Amino acid sequence: MSEWLFDLGNSRFKYAPLDGTRAGDVQAWAHGAEAMDTAALSALPSGKVAHVASVAAAGLTERVLASLRTRFEQVRVVRTAAACAGVRIAYADPSRFGVDRFLALLGARGDAPVLVAGVGTALTIDVLDADGQHHGGRIAASPTTMREALHARAVQLPPTGGAYAELANDTDDALTSGCDGAAVALIERSLQHAARTLGMPVRLLVHGGGAPPLLPLLPTAEFRAALVLDGLATWATHSAAP
């Protein structure tokens, strides 16, 4: 493969070959906030062009870019644009709109309105109408981050564990139920608001490493594990130099 897509998130690194206008088979692993295992970097593919999106710390981003520059003839780093591939961003200053959210919207663009919920370190929610106009969104802590924050302030509260219940009868279950339920409630409220605003049903797309536990609570949701990489593929196709 001559062109590859790289998505460097806050806690996970994903990459895939560019397969036409979509991402091919995805590989992924977790990384620390400021570092990535040397063996992982040495295992990166090589080719003609690397298309890179990063929301990770600057030091880690630069280390990954330096490694990619030894493996690819060209390394292209995506930045959020006011408009791309039929999507128009609502932010007055597009540079303040996260590149992961931007690419998720490119990946979600279709012929029907959509709400995109990304569940990672943060929970992000964005609404896109059928004409590609972004109507804004929300940012909150993801369930994982909520649990970690509670544990940091009250160490007796475990950072993991428990199962969802509408009314839990032990602490672990209550924590999972509260944090997962808060995320689901925000998504559902946003979906209802989007449908009222646009005057029609709105499709729900969910992505991110923290999304699977929420899917049983969101019966209309479609899970798109590679949504950001698919958006990066769209960006790569539409922004390629002539």
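In case you wondered, yes, glycine gets a Cβ from its N, Cα and C as well.
Here the structure is a predicted model, which means the values were calculated and not measured.
Positions annotated as active site, proton acceptor by Swiss-Prot, on the basis of sequence analysis: Asp100. Within 10 Å of the Cβ of Asp100 (active site, proton acceptor) there are 27 other Cβ atoms, across all protein chains. Classification of Asp100 (active site, proton acceptor) by DSSP places it within a helix.
Long-range neighbours of Gly9 (ATP binding site) (same chain, six or more residues apart, CB within less than 8 Å of its CB): Val55, Ala56, Asp100, Gly120, Thr121, Val228. Residues annotated as ATP binding site in Swiss-Prot, with sequence analysis given as evidence: Asp7, Leu8, Gly9, Asn10, Ser11, Arg12, Phe13, Lys14, Thr121.
Under the heading substrate binding site, Swiss-Prot lists Tyr91, Gly98, Val99, Asp100, Arg101, Thr171, citing sequence analysis as support. Taking the Cβ of Val99 (substrate binding site) as centre and 10 Å as the limit, one finds 23 other Cβ atoms among all the protein chains shown.
Across the annotated binding residues for substrate (Tyr91, Gly98, Val99, Asp100, Arg101, Thr171), the two most widely spaced Cα atoms sit 40 Å apart. Residue with the densest Cβ environment among the binding-site residues Phe13, Tyr91: Phe13, by other Cβ atoms within 10 Å. Listed binding-site residues: Ser11, Thr121, Thr171; maximum Cβ neighbour count within 10 Å falls on Thr121. Under a cutoff of 8 A between CB atoms, and with a sequence separation of 6+ in the same chain, the neighbours of Arg101 (substrate binding site) are Val116, Gly118, Thr124, Asp126, Gly137.
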